[in-house]
Amino acid sequence: MPAPAEILKYIDEHQDAFIDRLAKAVSIPSVSGDPARRKDVFAMADWLKAELESLGATVEKRPLGKQMLDGVELDLPPALLGQLGTDPKKRTVLIYGHFDVQPAEKSDGWLYDPFTLTKDPEGTGKLYGRGSSDDKGPILGWLNVFQAHKELGVELPVNIKMCFEGMEESGSEGLDELIEQEKDKFFKGVDCACISDNYWLNTTTPCLTYGLRGVNYFRISVSGPSKDLHSGVFGAAVHEPMTDLVTLMSKLVTSKGEILIPGIKEMVAPLTDEERARYEAIHAEVSDFDDAVGAAITLHDDKVNTLMGRMRYPSLSLHGIEGAFYGTGCKTVIPASVHGKFSIRLVPDMTTAKVTECVLKYVKEEFAKIDTKCKMSVEMVHGGEPWMADPNHYNYRAAHKATEDVYGISPDYTREGGSIPVTLSFADALKINVLLLPMGRGDDGAHSMNEKLDTDNFIRGSKLLGSYLHELGASSE
Ligand SMILES: C[C@H](N)C(=O)N[C@@H](Cc1c[nH]cn1)C(=O)O
Ligand SMILES: [Zn+2]
Ligand SMILES: [Zn+2]
């Protein structure tokens, strides 16, 4: 059963107020990876808790302990466990989202201040701001639905349990332990889960996502002199950490994206004809990738291999070098120590443990070949396993119908190239089906500069979440 027409009308009529609430959320710079912004992640938790409570939810703040970040002990931001409705005759759906965001600085190349929601500057309905699509917009989509029901006095068709965290962009530290502790308490009675935290493949076709790649994030540290040196005074006289690190990082992946670490490719589940046919059926073109990244730079020239590269094969990306000179000008420095960061996206049947074993062994062997007096260490910073769900479950059928209700078309069935490690934790610990129901478009620029959410995706996406709840409430096994 679709959401009642009055709910959909309410969402349309309150578009401006909903965008203002998104602006407030974006203005809190809740960057989990930056110790200086940690207080803002706490502030974001408080703000979201108050908003949920004003809509009638009961919400508990659950502390998650402490973490060590670059040798400094930091409090982890709390998770929010919320509830709306306890009717034993209704299904209970768990919704998850994260209120932390990736780092963003105007100087990264943003057109506007990343922590001010810039509304529709080009007249095309785009809402620019860090977290607009990943993942504050989708969280607020749920709030829009709750508000419509509360204000109109329409009963929610299912019971809602909520889990919102503030560390997703930094490895979801502490959350698995909370889920394990609470699986027979707070999470008891959950029938299925819905996560809105990924993206359509293109800019026009909604999708349901039944798989995620996992991720192992690594850090290689190379150190030499006890302080930064003048390259004119000491160049060609000493071993240089940066040179060794760049040599090492160049051994990880080719320019064609081929991972050079022995043992990685061998773990990947073989492709079947049936699976290949699923990629052929997806509504996407290579040009959608070109548009999303802003250049014609795909590794493959055909749709199927491009989609499979993103969804069903592993990838290795080099992210950056901490300690390196990166400013303007020509500083002639030999950095004393540098830290190279890279991650590997995991697919079935890879595991974080086996990938870590292969990487550590290989990096140490390759470093030994360099014949340097610098010191090297390598560590896995955080990891999450790949995940797949059954897309024939009633949870997916409800979302399929809701997509038809709201968009008038059938959704594509996709696997996401990104990672949401907690998805597998919910599926395994609670033994439930999890659905990923994205709100944003493929060109939203999550993790990039100029992240945006289209007004239409925010508003119709809110209607989609509402209709999904009604279809779920009316569905049978
Ligand atoms: C898909 C989701 N919205 C997301 O962006 N996940 C992140 C998770 C992560 C892991 N390490 C750091 N962040 C991602 O896929 O990068
Ligand atoms: Zn993200
Ligand atoms: Zn996200």
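Keep in mind that glycine also has a Cβ here, set from the backbone N, Cα and C atoms.
Here is what TrEMBL says about this protein:
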ACT_SITE  D100  active site
ACT_SITE  E168  active site, proton acceptor
BINDING   H98, D134, D197  Mn(2+) 2 binding site
BINDING   D134, E169, H447  Mn(2+) 1 binding site
BINDING   D197, H230, T332, R345, S419, H447  substrate binding site
DOMAIN    210-369  domain 'Peptidase M20 dimerisation'
SITE      H230  site 'Important for catalytic activity'
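Location within the structure of each feature annotated in TrEMBL.
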{"residue": "H98", "record": "Mn(2+) 2 binding site", "Cβ contacts under 8 Å, 6 or more apart": "D135, I139, F164, E165, G166, M167, E168, E169, D197"}
{"residue": "D100", "record": "active site", "Cβ contacts under 8 Å, 6 or more apart": "S30, V31, S32, V41, M44, P77, E165, G166, M167, E168, E169, S170"}
{"residue": "D134", "record": "Mn(2+) 2 binding site", "Cβ contacts under 8 Å, 6 or more apart": "V101, Q102, D197, G440, D444, A446, H447, E451"}
{"residue": "H230", "record": "substrate binding site", "Cβ contacts under 8 Å, 6 or more apart": "T332, V333, I334"}
{"residue": "R345", "record": "substrate binding site", "Cβ contacts under 8 Å, 6 or more apart": "R213, G214, V215, P314, S315, L316, S317, G417, G418, S419"}
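For the domain 'Peptidase M20 dimerisation' (210-369), the model's average pLDDT works out to 97.
Filtering T332, R345, S419 by Cβ distance to ligand 1 (under 6 A) retains the following binding-site residues: S419. When the recorded positions D100, D134, E169, H230 are checked against ligand 2, D134, E169 have a Cβ within less than 6 Å of one of its atoms. Look at E169 (Mn(2+) 1 binding site): DSSP puts it in a helix.
Within the set of recorded positions D100, E169, H230, R345, S419, no residue has a CB atom less than 6 Å from any atom of ligand 3.
A 10 Å cutoff on Cβ-Cβ distances gives H447 (Mn(2+) 1 binding site) a total of 15 other Cβ atoms nearby, all chains included. In the structure shown, the C-beta of E168 has more C-beta neighbours within 10 angstroms than that of any other entry among the recorded positions E168, E169. Each residue in V101, Q102, G131, D135, E168, A446 lies on the same chain as D134, E169, H447 and has a C-beta within 8 Å of the C-beta centroid of that Mn(2+) 1 site, without being one of the site residues. Of all residue pairs in D197, H230, T332, R345, S419, H447, the annotated binders of substrate, the farthest apart have Cα atoms separated by 47 Å. Of all Cβ atoms in the shown protein chains, 12 besides its own fall within 10 Å of the Cβ of T332 (substrate binding site).
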